[in-house]
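S.K.: Structure below; questions to follow.
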Ligand code: KG4
Ligand code: ZN
């Protein structure tokens, strides 16, 4: 029997991506076109520019993916597309592209939740993870701690009340005029900085909730800058490196603080980490150390499968399709879309 070919389409934020995987979950192509050049002058993603760039990029990215996978239109069996959460204009481009393709070729269309796609990337790369898995998904738009009980049942344990962790990195980089997107630049500069140079308090809530929060860390960094601007005037100088290292250390401490708290109440068989911020070298190392300490097998997506990509969307599409789940051609984007099946928030009380 010929392999079933799944096409994945991702356009929820500022990366246009199309991927091809087969029914065994082998990645035949995973083309990502980033829009860094478009957004860099503004120090952040400009939604209107993002949707226009998706429109320009998507036919080119599609052709590249087809060439890389060495397939033609006739070979595609199933179309999977991110329908949320994300930016409305950006989502519309991918959803309409996928709908047109499914309609024109008479193919099944599978709507995919972007965040569930980040979780599925862990399965795509590492196979069957020992479950339940405590799974941290950290990106530019989301910070979620899940208990993945089965391949289909995700319990939300904690999420951010304000900024996402990646957004906090990006805002620090903007404050320090380091460039866009900031996470990777902060990571690089932090490597030659002192993580103890600047104090950062761990976020606390008066209601005892164990949510995430990153806006206070960002404000504390802004306060250091305002207090002594002269100290930070040398581009990429030691003070900037020290602030990057101290900030990064605080973000990672806060991320892992909740993982430790979850380990006190949930019995888990593995730890896993995904999303764009999973590229962060300090987070990767600290996460592995935590896994070693608790003697838990630890899984982290490779950088290419951590940042936004369509292979994870194709993988989630394959997973849903194999259970008989498909969508219809009147699919619309959903700006807000929950990724969990159950909520069991951590609490300090
Ligand atoms: O998953 P992703 O590609 O897009 C979203 O779904 O948001 O994540 C992008 C985020 C950006 O905020 C970027 O700054 C951050 O991931 N990021 C990093 C690193 N590489 C990417 N943050 C910290 N350290 C890194 N090395
Ligand atoms: Zn993402």
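From the backbone N, Cα and C atoms, a Cβ is placed for every residue, glycine too.
On a predicted model such as this, the values are computed, not experimentally measured, just so you know.
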S.K.: Among 30, 57, 280, find me the residue TrEMBL lists at the same substrate site as 137, 138, 139, 140, 141, 170, 183, 187.
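M.R.: Between 30, 57, 280, TrEMBL records just one in the substrate site with 137, 138, 139, 140, 141, 170, 183, 187, namely 280.
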S.K.: 114, 118 show up in TrEMBL as binding Fe cation; which entry in 292, 308, 330 does that record put in the same site?
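M.R.: Fe cation site check in TrEMBL: besides 114, 118, the record includes 308 out of 292, 308, 330.
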S.K.: Greatest CA-CA distance (Å) over the residues 137, 138, 139, 140, 141, 170, 183, 187, 280 that the record ties to substrate?
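M.R.: For the residues that bind substrate, the greatest Cα distance is 18 Å.
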S.K.: Mean pLDDT across the domain 'Gcp-like' (26-314), rounded to an integer, is what?
M.R.: 97
S.K.: I need the nearest neighbour of residue 137 (substrate binding site) among the binding-site residues 114, 118, 308, using C-alpha distances.
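M.R.: That would be 118, the closest of 114, 118, 308 to residue 137 (substrate binding site).
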